[in-house]
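Below you'll find the structure, written out as C-alpha coordinates, and then a few comments.
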Amino acid sequence: MASTDKILEASAKYPKPAERQFQYGTAGFRMKANLLNSVVYRVGLLAALRSKKLNGQTIGVMITASHNPPEDNGVKLVDPMGEMLEASWEQYATQLANAESDDALGKLYNKLLADLKIKEDVPARVIYARDTRASGATLVTCLKDALDATGTEYTDYGYLTTPQLHYLVRCINTKDTQYAYGDISEKGYYEKLAAAFKLAMKGKTTKGAVTVDCANGVGGPKLHELVKHLDGIIDIKIVNDDVLKPETLNSQCGADFVKTQQRAPPSSKVGPNDRCASLDGDADRIIFYFADKDNTFRLLDGDRIATLAASFLADLGRQSGLAEQLKIGVVQTAYANGASTQYIEKSLQLPIICTNTGVKYLHHAAARFDIGVYFEANGHGTVLFSPAALKAIATYDPKSPAQKAALETLQALTELINQTVGDALSDLLLVEAILAHKGWTCQEWLLTYTDLPNRLVKVEVPDRNMFQAVDAERKLAKPDGAQKEIDREVGKFSMGRSFARASGTEDAVRVYAEAATRTEADGLANQVANIVRGFGTVVGGT
Ligand code: NG1
Ligand code: ZN
(Lines of atoms letter the chains of each structure in order from A; the text may use other names.)
(Lines give C-alpha, C1' and ligand atoms only; values in the text may rest on other atoms or scores of the structure.)
(Ligands and ions follow the chains in the order given, each with its own letter.)
Protein backbone atom coordinates (compact mmCIF):
# COMPACT_ATOMS: atom_id res chain seq x y z
CA MET A 1 0.00 0.00 0.00
CA ALA A 2 1.29 3.44 -0.91
CA SER A 3 2.20 5.93 1.79
CA THR A 4 -0.40 8.64 1.78
CA ASP A 5 1.19 10.62 4.65
CA LYS A 6 1.90 13.70 2.57
CA ILE A 7 -1.51 13.57 0.92
CA LEU A 8 -3.26 13.36 4.27
CA GLU A 9 -1.11 16.05 5.86
CA ALA A 10 -2.02 18.54 3.13
CA SER A 11 -5.62 17.37 3.02
CA ALA A 12 -6.06 18.32 6.69
CA LYS A 13 -6.03 21.96 5.51
CA TYR A 14 -8.97 21.34 3.22
CA PRO A 15 -11.75 19.51 5.07
CA LYS A 16 -14.78 18.56 3.02
CA PRO A 17 -17.77 20.78 3.85
CA ALA A 18 -20.10 18.61 5.94
CA GLU A 19 -23.32 17.34 4.41
CA ARG A 20 -22.38 18.49 0.95
CA GLN A 21 -22.50 16.11 -1.98
CA PHE A 22 -20.46 16.98 -5.03
CA GLN A 23 -20.83 15.71 -8.56
CA TYR A 24 -18.43 15.97 -11.50
CA GLY A 25 -21.03 17.04 -14.06
CA THR A 26 -21.04 18.06 -17.70
CA ALA A 27 -18.72 20.96 -16.90
CA GLY A 28 -16.70 19.47 -14.04
CA PHE A 29 -17.43 20.77 -10.52
CA ARG A 30 -19.06 24.17 -10.35
CA MET A 31 -20.55 26.02 -7.36
CA LYS A 32 -19.99 28.85 -4.86
CA ALA A 33 -16.23 29.33 -4.71
CA ASN A 34 -16.03 29.11 -0.92
CA LEU A 35 -17.15 25.47 -1.05
CA LEU A 36 -14.47 24.38 -3.50
CA ASN A 37 -11.17 24.17 -1.59
CA SER A 38 -11.44 20.48 -0.77
CA VAL A 39 -12.85 19.70 -4.21
CA VAL A 40 -9.97 21.37 -6.05
CA TYR A 41 -7.42 19.70 -3.77
CA ARG A 42 -8.92 16.31 -4.57
CA VAL A 43 -9.16 17.06 -8.29
CA GLY A 44 -5.41 17.69 -8.05
CA LEU A 45 -4.98 14.18 -6.64
CA LEU A 46 -7.02 12.75 -9.48
CA ALA A 47 -5.04 14.69 -12.08
CA ALA A 48 -1.89 13.05 -10.71
CA LEU A 49 -3.50 9.60 -10.84
CA ARG A 50 -4.76 10.19 -14.38
CA SER A 51 -1.31 11.27 -15.57
CA LYS A 52 0.36 8.25 -13.97
CA LYS A 53 -2.24 5.94 -15.47
CA LEU A 54 -1.44 7.42 -18.89
CA ASN A 55 2.31 6.91 -18.52
CA GLY A 56 3.12 10.44 -17.47
CA GLN A 57 1.26 12.22 -20.24
CA THR A 58 0.34 15.75 -19.23
CA ILE A 59 -3.14 16.41 -17.84
CA GLY A 60 -4.72 19.87 -17.69
CA VAL A 61 -6.63 21.42 -14.80
CA MET A 62 -8.76 24.47 -15.56
CA ILE A 63 -10.16 26.58 -12.74
CA THR A 64 -13.20 28.44 -14.05
CA ALA A 65 -16.95 28.68 -13.70
CA SER A 66 -17.48 29.83 -17.29
CA HIS A 67 -20.68 31.89 -17.57
CA ASN A 68 -21.66 31.57 -13.89
CA PRO A 69 -21.78 34.63 -11.60
CA PRO A 70 -18.52 36.05 -10.16
CA GLU A 71 -18.93 34.43 -6.73
CA ASP A 72 -18.92 30.93 -8.26
CA ASN A 73 -15.94 28.96 -9.42
CA GLY A 74 -15.27 25.50 -10.75
CA VAL A 75 -12.68 23.01 -11.88
CA LYS A 76 -12.41 20.59 -14.76
CA LEU A 77 -9.80 18.21 -16.11
CA VAL A 78 -8.35 18.06 -19.61
CA ASP A 79 -7.21 14.75 -21.12
CA PRO A 80 -3.93 14.38 -23.08
CA MET A 81 -5.30 15.15 -26.55
CA GLY A 82 -6.93 18.29 -25.20
CA GLU A 83 -10.28 16.57 -24.84
CA MET A 84 -12.53 16.57 -21.83
CA LEU A 85 -11.84 14.00 -19.11
CA GLU A 86 -12.81 10.49 -20.22
CA ALA A 87 -16.34 9.89 -18.97
CA SER A 88 -15.47 6.71 -17.04
CA TRP A 89 -13.17 8.77 -14.77
CA GLU A 90 -15.83 11.28 -13.75
CA GLN A 91 -17.03 8.86 -11.07
CA TYR A 92 -13.56 8.81 -9.46
CA ALA A 93 -13.61 12.60 -9.30
CA THR A 94 -17.02 12.44 -7.65
CA GLN A 95 -15.91 9.73 -5.20
CA LEU A 96 -12.77 11.63 -4.18
CA ALA A 97 -14.69 14.86 -3.72
CA ASN A 98 -17.20 13.13 -1.46
CA ALA A 99 -14.78 11.23 0.83
CA GLU A 100 -16.01 12.41 4.24
CA SER A 101 -12.74 12.23 6.21
CA ASP A 102 -9.01 12.31 5.51
CA ASP A 103 -8.89 8.68 6.47
CA ALA A 104 -11.57 7.81 3.91
CA LEU A 105 -9.73 9.90 1.32
CA GLY A 106 -6.46 8.06 1.91
CA LYS A 107 -8.17 4.69 1.61
CA LEU A 108 -9.95 5.73 -1.58
CA TYR A 109 -6.70 7.05 -3.11
CA ASN A 110 -5.03 3.69 -2.45
CA LYS A 111 -8.06 1.82 -3.75
CA LEU A 112 -7.96 3.77 -7.00
CA LEU A 113 -4.22 3.07 -7.34
CA ALA A 114 -4.94 -0.64 -6.94
CA ASP A 115 -8.20 -0.91 -8.90
CA LEU A 116 -6.88 1.07 -11.85
CA LYS A 117 -3.53 -0.72 -11.73
CA ILE A 118 -1.63 2.54 -11.53
CA LYS A 119 2.11 2.26 -11.05
CA GLU A 120 3.14 4.73 -8.37
CA ASP A 121 6.66 5.20 -9.68
CA VAL A 122 5.46 6.54 -13.05
CA PRO A 123 5.89 10.33 -13.07
CA ALA A 124 2.82 12.58 -13.03
CA ARG A 125 2.66 15.77 -15.07
CA VAL A 126 0.04 18.50 -14.89
CA ILE A 127 -0.44 21.99 -16.27
CA TYR A 128 -3.08 24.37 -15.02
CA ALA A 129 -4.61 27.79 -15.55
CA ARG A 130 -7.54 29.84 -14.35
CA ASP A 131 -9.96 32.52 -15.44
CA THR A 132 -10.05 35.99 -13.85
CA ARG A 133 -12.27 35.24 -10.85
CA ALA A 134 -11.06 36.64 -7.51
CA SER A 135 -11.32 33.20 -5.89
CA GLY A 136 -8.94 31.64 -8.43
CA ALA A 137 -5.76 32.38 -6.43
CA THR A 138 -6.92 30.45 -3.35
CA LEU A 139 -8.04 27.51 -5.44
CA VAL A 140 -4.68 27.41 -7.20
CA THR A 141 -3.05 27.05 -3.77
CA CYS A 142 -5.28 24.05 -3.00
CA LEU A 143 -4.37 22.51 -6.34
CA LYS A 144 -0.64 23.08 -5.87
CA ASP A 145 -0.74 21.42 -2.47
CA ALA A 146 -2.20 18.29 -4.07
CA LEU A 147 0.41 18.31 -6.83
CA ASP A 148 3.24 18.76 -4.31
CA ALA A 149 1.86 16.01 -2.08
CA THR A 150 1.82 13.58 -5.01
CA GLY A 151 5.25 14.59 -6.32
CA THR A 152 3.72 15.80 -9.59
CA GLU A 153 5.72 17.95 -12.04
CA TYR A 154 3.62 20.97 -12.90
CA THR A 155 3.51 24.30 -14.71
CA ASP A 156 1.27 27.21 -13.80
CA TYR A 157 0.09 29.02 -16.96
CA GLY A 158 -1.59 31.81 -14.99
CA TYR A 159 -4.65 33.26 -16.67
CA LEU A 160 -5.86 31.52 -19.82
CA THR A 161 -9.10 30.89 -21.64
CA THR A 162 -10.31 27.32 -21.25
CA PRO A 163 -9.58 26.47 -24.92
CA GLN A 164 -6.04 27.86 -24.61
CA LEU A 165 -5.33 25.36 -21.84
CA HIS A 166 -6.78 22.56 -23.99
CA TYR A 167 -4.51 23.71 -26.83
CA LEU A 168 -1.41 23.63 -24.61
CA VAL A 169 -2.18 20.17 -23.23
CA ARG A 170 -2.42 18.81 -26.78
CA CYS A 171 0.75 20.58 -27.89
CA ILE A 172 2.71 19.10 -24.99
CA ASN A 173 1.49 15.55 -25.53
CA THR A 174 2.03 15.58 -29.30
CA LYS A 175 5.42 17.30 -29.23
CA ASP A 176 7.97 15.66 -31.53
CA THR A 177 5.34 13.36 -33.07
CA GLN A 178 3.75 13.43 -36.51
CA TYR A 179 0.66 14.89 -34.81
CA ALA A 180 2.47 17.94 -33.37
CA TYR A 181 -0.23 20.52 -32.76
CA GLY A 182 1.65 23.76 -32.22
CA ASP A 183 4.24 25.63 -30.19
CA ILE A 184 3.87 25.02 -26.45
CA SER A 185 3.16 28.58 -25.39
CA GLU A 186 0.36 31.11 -25.27
CA LYS A 187 2.20 33.02 -28.00
CA GLY A 188 2.25 29.83 -30.08
CA TYR A 189 -1.55 29.72 -29.83
CA TYR A 190 -1.91 33.27 -31.20
CA GLU A 191 0.64 32.66 -33.92
CA LYS A 192 -1.08 29.50 -35.06
CA LEU A 193 -4.51 31.13 -35.21
CA ALA A 194 -3.24 34.32 -36.84
CA ALA A 195 -1.22 32.51 -39.52
CA ALA A 196 -4.16 30.26 -40.36
CA PHE A 197 -6.59 33.19 -40.43
CA LYS A 198 -4.40 35.15 -42.84
CA LEU A 199 -4.22 32.14 -45.15
CA ALA A 200 -7.95 31.52 -44.88
CA MET A 201 -8.81 35.14 -45.70
CA LYS A 202 -6.78 35.08 -48.95
CA GLY A 203 -6.75 38.86 -49.10
CA LYS A 204 -10.52 39.12 -48.68
CA THR A 205 -11.99 41.58 -46.22
CA THR A 206 -14.98 41.56 -43.92
CA LYS A 207 -17.71 44.17 -44.22
CA GLY A 208 -17.15 46.65 -41.40
CA ALA A 209 -15.96 46.00 -37.88
CA VAL A 210 -17.00 43.26 -35.50
CA THR A 211 -17.62 44.38 -31.91
CA VAL A 212 -16.77 41.69 -29.37
CA ASP A 213 -18.23 41.74 -25.83
CA CYS A 214 -15.80 39.74 -23.68
CA ALA A 215 -18.13 39.34 -20.64
CA ASN A 216 -15.46 41.15 -18.56
CA GLY A 217 -13.67 37.82 -18.43
CA VAL A 218 -10.35 36.32 -19.45
CA GLY A 219 -11.33 36.48 -23.13
CA GLY A 220 -10.80 40.28 -23.07
CA PRO A 221 -7.04 40.43 -22.48
CA LYS A 222 -6.54 37.34 -24.62
CA LEU A 223 -8.43 38.79 -27.56
CA HIS A 224 -6.30 41.96 -27.27
CA GLU A 225 -3.23 39.72 -27.56
CA LEU A 226 -4.65 37.84 -30.54
CA VAL A 227 -5.46 41.10 -32.35
CA LYS A 228 -1.79 42.11 -32.11
CA HIS A 229 -0.94 39.12 -34.30
CA LEU A 230 -3.59 39.80 -36.97
CA ASP A 231 -1.78 42.71 -38.67
CA GLY A 232 -4.96 44.75 -38.98
CA ILE A 233 -6.57 42.52 -41.62
CA ILE A 234 -9.76 42.57 -39.59
CA ASP A 235 -11.30 45.35 -37.53
CA ILE A 236 -12.15 44.01 -34.05
CA LYS A 237 -13.60 46.40 -31.47
CA ILE A 238 -13.31 44.97 -27.98
CA VAL A 239 -15.85 45.90 -25.28
CA ASN A 240 -16.57 44.60 -21.75
CA ASP A 241 -12.93 43.72 -21.21
CA ASP A 242 -12.57 44.97 -17.65
CA VAL A 243 -10.98 42.19 -15.64
CA LEU A 244 -9.94 44.49 -12.82
CA LYS A 245 -13.48 44.59 -11.45
CA PRO A 246 -14.21 40.89 -10.97
CA GLU A 247 -17.79 41.65 -9.88
CA THR A 248 -18.61 42.72 -13.47
CA LEU A 249 -17.84 39.26 -14.88
CA ASN A 250 -20.81 37.90 -16.88
CA SER A 251 -22.94 40.65 -15.37
CA GLN A 252 -25.46 42.05 -17.88
CA CYS A 253 -23.16 40.95 -20.68
CA GLY A 254 -21.58 37.89 -22.23
CA ALA A 255 -22.84 35.05 -24.43
CA ASP A 256 -25.14 33.49 -21.84
CA PHE A 257 -26.85 36.81 -21.05
CA VAL A 258 -27.45 37.54 -24.74
CA LYS A 259 -28.66 34.04 -25.56
CA THR A 260 -31.01 33.63 -22.61
CA GLN A 261 -32.31 37.23 -22.59
CA GLN A 262 -32.44 37.40 -26.40
CA ARG A 263 -31.18 40.98 -26.26
CA ALA A 264 -27.88 42.84 -26.48
CA PRO A 265 -26.01 43.77 -23.29
CA PRO A 266 -27.56 47.05 -22.04
CA SER A 267 -24.10 48.66 -22.19
CA SER A 268 -23.76 47.91 -25.91
CA LYS A 269 -24.79 50.39 -28.53
CA VAL A 270 -25.80 48.16 -31.40
CA GLY A 271 -26.49 50.29 -34.46
CA PRO A 272 -28.29 49.04 -37.56
CA ASN A 273 -26.31 46.25 -39.17
CA ASP A 274 -23.42 46.46 -36.69
CA ARG A 275 -21.92 42.99 -36.38
CA CYS A 276 -21.56 42.04 -32.72
CA ALA A 277 -20.43 38.97 -30.84
CA SER A 278 -20.37 37.98 -27.16
CA LEU A 279 -18.00 35.53 -25.45
CA ASP A 280 -18.65 33.81 -22.14
CA GLY A 281 -16.47 34.08 -19.02
CA ASP A 282 -13.85 31.54 -20.09
CA ALA A 283 -14.13 32.18 -23.84
CA ASP A 284 -15.28 28.78 -24.99
CA ARG A 285 -18.63 30.04 -26.29
CA ILE A 286 -19.52 32.75 -28.78
CA ILE A 287 -22.72 34.02 -30.30
CA PHE A 288 -23.33 36.78 -32.85
CA TYR A 289 -26.10 39.35 -33.15
CA PHE A 290 -27.02 42.61 -34.81
CA ALA A 291 -29.89 45.05 -35.10
CA ASP A 292 -31.69 44.99 -38.44
CA LYS A 293 -32.80 48.09 -40.33
CA ASP A 294 -35.89 48.33 -38.11
CA ASN A 295 -33.61 48.22 -35.10
CA THR A 296 -34.93 44.78 -34.15
CA PHE A 297 -32.45 42.61 -32.26
CA ARG A 298 -31.40 39.54 -34.26
CA LEU A 299 -29.53 36.63 -32.73
CA LEU A 300 -27.10 34.42 -34.66
CA ASP A 301 -26.49 31.60 -32.21
CA GLY A 302 -24.61 28.31 -32.21
CA ASP A 303 -27.07 26.77 -34.68
CA ARG A 304 -26.29 29.60 -37.08
CA ILE A 305 -22.54 29.13 -36.70
CA ALA A 306 -22.97 25.39 -37.33
CA THR A 307 -25.04 25.93 -40.48
CA LEU A 308 -22.68 28.62 -41.77
CA ALA A 309 -19.61 26.44 -41.20
CA ALA A 310 -21.24 23.28 -42.58
CA SER A 311 -22.41 24.97 -45.77
CA PHE A 312 -19.01 26.58 -46.34
CA LEU A 313 -17.10 23.36 -45.71
CA ALA A 314 -19.45 21.42 -47.99
CA ASP A 315 -18.83 24.00 -50.75
CA LEU A 316 -15.08 23.73 -50.27
CA GLY A 317 -15.30 19.93 -50.36
CA ARG A 318 -17.06 20.07 -53.72
CA GLN A 319 -14.85 22.81 -55.16
CA SER A 320 -11.63 21.06 -54.15
CA GLY A 321 -12.68 17.75 -55.69
CA LEU A 322 -12.63 16.04 -52.31
CA ALA A 323 -16.37 15.69 -51.70
CA GLU A 324 -16.17 11.89 -51.67
CA GLN A 325 -13.43 11.78 -49.04
CA LEU A 326 -14.96 14.53 -46.91
CA LYS A 327 -18.37 13.40 -45.72
CA ILE A 328 -19.67 16.23 -43.59
CA GLY A 329 -22.18 15.83 -40.78
CA VAL A 330 -23.68 18.13 -38.17
CA VAL A 331 -24.24 17.30 -34.51
CA GLN A 332 -26.93 19.12 -32.56
CA THR A 333 -28.85 18.74 -29.31
CA ALA A 334 -32.59 18.96 -28.72
CA TYR A 335 -32.10 22.70 -28.06
CA ALA A 336 -31.23 23.34 -31.71
CA ASN A 337 -33.90 25.43 -33.36
CA GLY A 338 -36.14 23.20 -35.50
CA ALA A 339 -35.68 25.57 -38.43
CA SER A 340 -31.91 24.99 -38.36
CA THR A 341 -32.41 21.23 -38.31
CA GLN A 342 -34.70 21.45 -41.31
CA TYR A 343 -32.30 23.74 -43.17
CA ILE A 344 -29.40 21.31 -42.65
CA GLU A 345 -31.46 18.31 -43.80
CA LYS A 346 -33.43 19.87 -46.64
CA SER A 347 -31.27 22.68 -48.03
CA LEU A 348 -27.73 21.60 -47.18
CA GLN A 349 -28.69 17.91 -47.47
CA LEU A 350 -26.30 16.93 -44.72
CA PRO A 351 -26.79 14.21 -42.10
CA ILE A 352 -27.51 15.21 -38.49
CA ILE A 353 -26.93 13.39 -35.22
CA CYS A 354 -28.87 14.59 -32.17
CA THR A 355 -27.13 13.88 -28.84
CA ASN A 356 -27.66 14.55 -25.17
CA THR A 357 -26.81 18.05 -23.92
CA GLY A 358 -23.16 18.56 -22.99
CA VAL A 359 -20.30 19.10 -25.41
CA LYS A 360 -18.61 15.81 -24.60
CA TYR A 361 -21.54 13.99 -26.23
CA LEU A 362 -21.46 16.22 -29.30
CA HIS A 363 -17.70 15.94 -29.60
CA HIS A 364 -17.76 12.15 -29.66
CA ALA A 365 -20.60 12.05 -32.19
CA ALA A 366 -18.79 14.56 -34.44
CA ALA A 367 -15.79 12.22 -34.57
CA ARG A 368 -17.93 9.77 -36.56
CA PHE A 369 -17.81 12.01 -39.65
CA ASP A 370 -14.85 12.97 -41.86
CA ILE A 371 -15.75 16.54 -40.99
CA GLY A 372 -18.04 16.80 -37.96
CA VAL A 373 -19.53 20.19 -37.22
CA TYR A 374 -20.91 20.42 -33.70
CA PHE A 375 -22.39 23.36 -31.84
CA GLU A 376 -24.77 23.74 -28.96
CA ALA A 377 -27.36 26.44 -29.57
CA ASN A 378 -25.66 28.46 -26.81
CA GLY A 379 -22.58 28.89 -28.98
CA HIS A 380 -20.23 26.20 -27.68
CA GLY A 381 -18.79 24.11 -30.47
CA THR A 382 -16.17 23.45 -33.09
CA VAL A 383 -15.41 21.36 -36.17
CA LEU A 384 -13.55 18.05 -36.04
CA PHE A 385 -11.54 16.69 -38.95
CA SER A 386 -10.84 12.94 -38.90
CA PRO A 387 -7.24 11.77 -39.41
CA ALA A 388 -8.24 10.50 -42.87
CA ALA A 389 -9.78 13.86 -43.76
CA LEU A 390 -6.69 15.73 -42.58
CA LYS A 391 -4.52 13.43 -44.68
CA ALA A 392 -6.68 13.91 -47.77
CA ILE A 393 -6.67 17.68 -47.34
CA ALA A 394 -2.92 17.79 -46.79
CA THR A 395 -1.92 15.52 -49.66
CA TYR A 396 -4.50 15.87 -52.44
CA ASP A 397 -3.09 17.00 -55.77
CA PRO A 398 -5.49 19.64 -57.14
CA LYS A 399 -6.52 19.29 -60.77
CA SER A 400 -7.32 22.95 -61.48
CA PRO A 401 -6.67 26.44 -60.08
CA ALA A 402 -10.20 26.42 -58.61
CA GLN A 403 -9.53 23.12 -56.83
CA LYS A 404 -6.21 24.49 -55.58
CA ALA A 405 -7.82 27.63 -54.15
CA ALA A 406 -10.52 25.65 -52.35
CA LEU A 407 -7.96 23.18 -51.04
CA GLU A 408 -5.76 25.95 -49.63
CA THR A 409 -8.72 27.42 -47.80
CA LEU A 410 -9.55 23.99 -46.38
CA GLN A 411 -5.96 23.56 -45.28
CA ALA A 412 -6.05 26.92 -43.52
CA LEU A 413 -9.30 26.03 -41.77
CA THR A 414 -7.86 22.81 -40.35
CA GLU A 415 -5.29 24.99 -38.61
CA LEU A 416 -7.64 27.82 -37.66
CA ILE A 417 -10.24 25.63 -35.99
CA ASN A 418 -9.40 24.48 -32.48
CA GLN A 419 -10.03 20.78 -32.66
CA THR A 420 -9.69 20.08 -28.98
CA VAL A 421 -12.79 21.92 -27.79
CA GLY A 422 -15.15 24.80 -28.65
CA ASP A 423 -13.08 27.99 -28.71
CA ALA A 424 -14.69 31.43 -28.92
CA LEU A 425 -11.58 33.15 -30.33
CA SER A 426 -11.04 30.52 -33.01
CA ASP A 427 -14.78 30.45 -33.81
CA LEU A 428 -14.79 34.26 -34.08
CA LEU A 429 -12.09 34.14 -36.75
CA LEU A 430 -13.78 31.20 -38.49
CA VAL A 431 -17.07 33.08 -38.82
CA GLU A 432 -15.31 36.25 -39.95
CA ALA A 433 -13.38 34.32 -42.61
CA ILE A 434 -16.54 32.64 -43.92
CA LEU A 435 -18.49 35.90 -44.02
CA ALA A 436 -15.57 37.49 -45.89
CA HIS A 437 -15.52 34.67 -48.45
CA LYS A 438 -19.27 34.80 -48.95
CA GLY A 439 -19.26 38.60 -48.94
CA TRP A 440 -22.11 38.46 -46.45
CA THR A 441 -23.39 40.85 -43.84
CA CYS A 442 -25.21 39.48 -40.78
CA GLN A 443 -28.48 40.20 -42.56
CA GLU A 444 -27.54 37.87 -45.39
CA TRP A 445 -26.42 35.25 -42.92
CA LEU A 446 -29.77 35.56 -41.14
CA LEU A 447 -31.69 35.12 -44.38
CA THR A 448 -30.57 31.50 -44.82
CA TYR A 449 -33.55 30.36 -42.71
CA THR A 450 -36.04 31.81 -40.24
CA ASP A 451 -35.74 30.70 -36.62
CA LEU A 452 -38.88 29.39 -34.99
CA PRO A 453 -39.79 31.53 -31.97
CA ASN A 454 -38.66 29.68 -28.87
CA ARG A 455 -38.63 29.91 -25.10
CA LEU A 456 -36.44 28.30 -22.45
CA VAL A 457 -37.89 28.14 -18.93
CA LYS A 458 -36.24 26.95 -15.73
CA VAL A 459 -38.53 25.10 -13.33
CA GLU A 460 -37.39 24.47 -9.78
CA VAL A 461 -38.67 21.19 -8.36
CA PRO A 462 -37.86 19.38 -5.10
CA ASP A 463 -36.05 16.56 -6.89
CA ARG A 464 -34.91 17.05 -10.46
CA ASN A 465 -33.61 13.47 -10.64
CA MET A 466 -37.16 12.14 -10.89
CA PHE A 467 -37.23 13.58 -14.41
CA GLN A 468 -35.49 11.01 -16.56
CA ALA A 469 -35.07 11.79 -20.22
CA VAL A 470 -34.53 9.40 -23.15
CA ASP A 471 -34.17 9.69 -26.93
CA ALA A 472 -31.38 12.31 -26.86
CA GLU A 473 -33.34 13.99 -24.05
CA ARG A 474 -36.31 14.75 -26.27
CA LYS A 475 -38.74 12.61 -24.24
CA LEU A 476 -39.35 11.92 -20.56
CA ALA A 477 -39.37 8.25 -19.51
CA LYS A 478 -40.13 9.26 -15.91
CA PRO A 479 -42.26 10.35 -14.13
CA ASP A 480 -44.86 8.04 -15.58
CA GLY A 481 -47.44 9.86 -17.64
CA ALA A 482 -45.58 13.18 -17.92
CA GLN A 483 -44.58 12.71 -21.56
CA LYS A 484 -48.15 11.90 -22.53
CA GLU A 485 -49.31 15.20 -21.09
CA ILE A 486 -46.50 17.09 -22.83
CA ASP A 487 -47.40 15.43 -26.14
CA ARG A 488 -51.02 16.44 -25.70
CA GLU A 489 -50.04 20.10 -25.18
CA VAL A 490 -47.59 20.10 -28.10
CA GLY A 491 -50.34 18.78 -30.36
CA LYS A 492 -52.37 21.93 -29.74
CA PHE A 493 -49.74 24.27 -31.23
CA SER A 494 -48.87 24.84 -34.83
CA MET A 495 -45.28 23.75 -35.52
CA GLY A 496 -45.00 23.06 -31.79
CA ARG A 497 -42.11 21.16 -30.23
CA SER A 498 -41.30 20.99 -26.55
CA PHE A 499 -39.34 18.88 -24.11
CA ALA A 500 -38.31 18.88 -20.46
CA ARG A 501 -35.08 17.54 -19.00
CA ALA A 502 -33.20 17.80 -15.72
CA SER A 503 -30.30 20.25 -15.94
CA GLY A 504 -26.86 18.74 -15.49
CA THR A 505 -25.43 21.93 -14.01
CA GLU A 506 -28.23 23.45 -11.94
CA ASP A 507 -30.81 22.13 -9.53
CA ALA A 508 -33.70 22.59 -11.94
CA VAL A 509 -35.64 21.15 -14.84
CA ARG A 510 -35.36 23.03 -18.13
CA VAL A 511 -38.34 23.32 -20.43
CA TYR A 512 -37.80 24.25 -24.06
CA ALA A 513 -40.61 25.09 -26.47
CA GLU A 514 -40.82 26.39 -30.00
CA ALA A 515 -43.85 27.12 -32.16
CA ALA A 516 -45.01 29.14 -35.15
CA THR A 517 -45.37 32.43 -33.25
CA ARG A 518 -43.79 34.05 -30.22
CA THR A 519 -47.10 33.96 -28.31
CA GLU A 520 -47.52 30.27 -29.04
CA ALA A 521 -43.93 29.44 -28.07
CA ASP A 522 -44.40 31.27 -24.75
CA GLY A 523 -47.78 29.60 -24.23
CA LEU A 524 -46.44 26.13 -24.93
CA ALA A 525 -43.43 26.66 -22.65
CA ASN A 526 -45.74 27.78 -19.83
CA GLN A 527 -48.06 24.83 -20.26
CA VAL A 528 -45.22 22.32 -20.23
CA ALA A 529 -43.60 24.09 -17.26
CA ASN A 530 -46.90 23.67 -15.41
CA ILE A 531 -46.94 19.97 -16.23
CA VAL A 532 -43.40 19.64 -14.86
CA ARG A 533 -44.34 21.59 -11.72
CA GLY A 534 -47.38 19.37 -11.24
CA PHE A 535 -45.47 16.12 -11.47
CA GLY A 536 -42.55 17.47 -9.45
CA THR A 537 -44.79 18.57 -6.62
CA VAL A 538 -46.92 15.45 -6.42
CA VAL A 539 -44.02 13.03 -6.11
CA GLY A 540 -41.66 15.39 -4.30
CA GLY A 541 -44.35 16.03 -1.70
CA THR A 542 -43.65 19.74 -1.12
P1 NG1 B 1 -27.62 22.04 -18.47
O2 NG1 B 1 -27.62 22.81 -17.19
O3 NG1 B 1 -27.42 20.55 -18.29
O4 NG1 B 1 -28.81 22.38 -19.31
C5 NG1 B 1 -25.95 23.83 -19.58
C6 NG1 B 1 -26.23 24.14 -21.02
C7 NG1 B 1 -25.46 23.15 -21.87
C8 NG1 B 1 -23.97 23.11 -21.54
C9 NG1 B 1 -23.76 23.02 -20.03
C10 NG1 B 1 -22.33 23.21 -19.61
C11 NG1 B 1 -28.33 24.89 -22.06
C12 NG1 B 1 -29.76 24.65 -22.26
N13 NG1 B 1 -27.66 23.99 -21.32
O14 NG1 B 1 -26.34 22.50 -19.32
O15 NG1 B 1 -25.68 23.44 -23.21
O16 NG1 B 1 -23.30 24.19 -22.10
O17 NG1 B 1 -24.57 23.97 -19.31
O18 NG1 B 1 -21.93 24.53 -19.50
O19 NG1 B 1 -27.78 25.88 -22.56
ZN1 ZN C 1 -17.58 28.59 -20.97
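Every residue, even glycine, has its Cβ placed from backbone N, Cα and C.
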- Candidate sharing the Mg(2+) site with Asp280, Asp282, Asp284 (per TrEMBL), from Ser66, Ser88, Ser494, Ser498: Ser66
- Determine which residues of the chain contact the domain 'Alpha-D-phosphohexomutase alpha/beta/alpha' (57-99) at the Cβ level, with the cut-off under 8 Å and only residues 6 or more beyond its ends counted. 16, 21-24, 27-33, 36, 38-40, 42-47, 49-51, 105, 108-109, 112, 116, 124-131, 133-136, 139-140, 143, 160, 162, 165-170, 172-174, 181, 215, 218, 246-251, 254-256, 280-282, 284-285, 359-360, 363, 419-421
- Filter the candidate list Ser66, Asp282, Gly504, Arg510 of recorded positions, keeping only entries whose CB is under 6 Å from an atom of ligand 2. Ser66, Asp282
- Item | Residue with minimal Cβ packing [other Cβ atoms within 10 Å] among the binding-site residues Asp280, Asp282, Asp284, Glu376 | Glu376
- Query: At the Cα level, what's the spacing in Å between Asp280 (Mg(2+) binding site) and Ala502 (substrate binding site), rounded?
  - Reply: 23
- Message: Are there recorded positions among Ser66, Glu376, Asn378, Ala502, Gly504 that sit within 10 Å of Asp282 (Mg(2+) binding site), Cα to Cα? If so, list them; otherwise say none.
- Response: Ser66
- If you count the other Cβ atoms within 10 Å of each Cβ, which of the recorded positions Ser66, Asn378 comes out on top? Ser66
- Note on the structure: Nearest by Cα to Ser66 (active site, phosphoserine intermediate), of the binding-site residues Glu376, Asn378, Ala502, Gly504, is Asn378
- Message: Applying a 10 Å Cβ distance cut-off over all chains shown, what neighbour count does Gly504 (substrate binding site) have?
- Response: 15
